[in-house]
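Residues or ranges marked as domain 'Response regulatory' in TrEMBL: 3-117. Positions annotated as 4-aspartylphosphate by TrEMBL: Asp52.
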Amino acid sequence: MKRILIVEDSIVMQALLARCLEPLGATITIADNGENGYKLLSDEPFDLAIVDHGLPGEMSGGALVILMHDKGCRVPFVMVTGFAGYEIPMVARGIAETIIKKPFDYQALRALAKEILERP
């Protein structure tokens with residue numbers, strides 16, 4: 001079974017993202033900050049990680065994705081953000097699969113996740 005990690009601090013967004021992705025039939029795991037996301041990504045295999053840029057604590061979502069990429073983690077990362085400006089370099093460097101700006105279309109996110117999960 002495919003596994004998706006959602007790294008999001010907002011309980012409401014956690015629930016919305018999980019509900020959006022449930023029809024894909026993947027196991028969904030939620031981390032509420034960058035540190036917990038880092039632990040999960042370091043210890044468990046995931047097929048996709050959806051990460052909010054603006055996470056509280058010591059590690060932002062952007063920092064988490066860059067750190068995992070630099071450690072050789074090849075999980076496809078989809079960044080979710082309300083901010084602009086850094087997304088082109090992150091995608092160009094191959095660090096993030098894509099950046100989705102809030103507010104976003106949940107059906108489009110589900111379609112993107114489905115496409116990523118169906119890759120060989």
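Glycine is treated like the rest: Cβ placed from N, Cα and C.
Whatever TrEMBL says is automated annotation, not expert-curated.
Each residue in the domain 'Response regulatory' (3-117) gets a DSSP state, and the totals come to 52 helix, 24 strand, 39 coil.
Taking the Cβ of the residue listed as '4-aspartylphosphate' as reference, residues of its chain lying under 8 Å away and at least six apart in sequence are, in sequence order, Val7, Glu8, Asp9, Ser10, Met13, Gly61, Met79, Val80, Thr81. Summarising model confidence by region, the domain 'Response regulatory' (3-117) averages a pLDDT of 91.
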